[in-house]
Amino acid sequence: MDKLIIFPFNGNGLEALDCIQGQYELIGFADDLKEKQGIENQYFKVYSRELIDKYPEAFVLAVPGSPTSYSERERIIKSLKIRSDRFARVIHPGASVSKLSSIGFNVLLMAGVVITSNAAIGNHVCVLPNTVIHHDSSIGNYSLIGSNVTIAGNTKIGDSCYIGSGTSIINNVNIGAQTLIGMGSNVIRSLDVKSKAVGNPARLIE
């Protein structure tokens with residue numbers, strides 16, 4: 001069985017444990033924060049990022065980012081300085097992924113996620129539980145998609161976006177790169193690069 005290291009030790013990483021289910025053998029977590037290094041229980045232990053160099057044969061799932069740090073995901077992941085073929089792709093057995101879709105590397109799809117025909121998921125993307133990405137839509141690299149999100153057909157999400165849980169995005173909408181959409185929003189029009197929007201309907205807040 002292939003070995004796996006998860007970086008960092010955060011909420012996304014912990015939830016990834018529920019998605020592995022026999023796909024990989026977990027070596028442990030790697031994290032840059034000294035206060036997290038050394039944490040352990042019967043299921044895992046947290047090490048420094050030197051763990052990634054110690055096990056060059058292991059795959060890496062890099063899932064940093066939150067509503068306050070999503071824009072730093074690209075920089076943090078690139079700082080690992082590993083080849084693209086070392087990145088893992090973790091798909092929960094309860095996710096539904098169309099054979100007509102495309103999924104990049106370093107992608108985490110959690111339980112109940114539905115990816116339909118001709119949808120395209122970029123590299124370094126996390127999709128949280130029960131989100132549906134409909135036909136001909138695309139998710140840009142380094143983006144984070146919350147739980148219970150509905151992305152209607154032919155919608156384009158740019159790179160390094162954060163889509164809050166419970167959001168609905170109407171079809172044929174374009175969301176510019178580095179955009180933040182707050183939880184529970186209803187997006188009915190396109191948003192420019194680096195927008196911040198929330199509400200029903202979603203309105204710009206900055």
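Glycine too: its Cβ is placed from the backbone N, Cα and C atoms.
Note: TrEMBL annotation is automatic and uncurated.
Secondary structure from DSSP puts GLY65 (substrate binding site) in coil. Per TrEMBL, substrate binding site is recorded for GLY65.
Residues or ranges marked as active site, proton acceptor in TrEMBL: HIS135. The Cβ of HIS135 (active site, proton acceptor) lies under 8 Å from the Cβ of THR116, SER117, ASN118, ALA119, GLY153, ASN154, each of these being in the same chain and 6 or more residues away along the sequence.
A sphere of 10 angstroms centred on the C-beta of ASP136 (site 'Increases basicity of active site His') encloses 17 other C-beta atoms. DSSP assigns ASP136 (site 'Increases basicity of active site His') to coil in the three-state reduction, placing it in neither a helix nor a strand. The site 'Increases basicity of active site His' annotation in TrEMBL covers ASP136.
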**Fill in**
Residues near GLY65 (substrate binding site) by Cβ (under 8 Å) yet at least 6 apart in sequence within the same chain, in sequence order, are ASN12, GLU72, ARG73, ILE76, CYS126, LEU144, TYR162
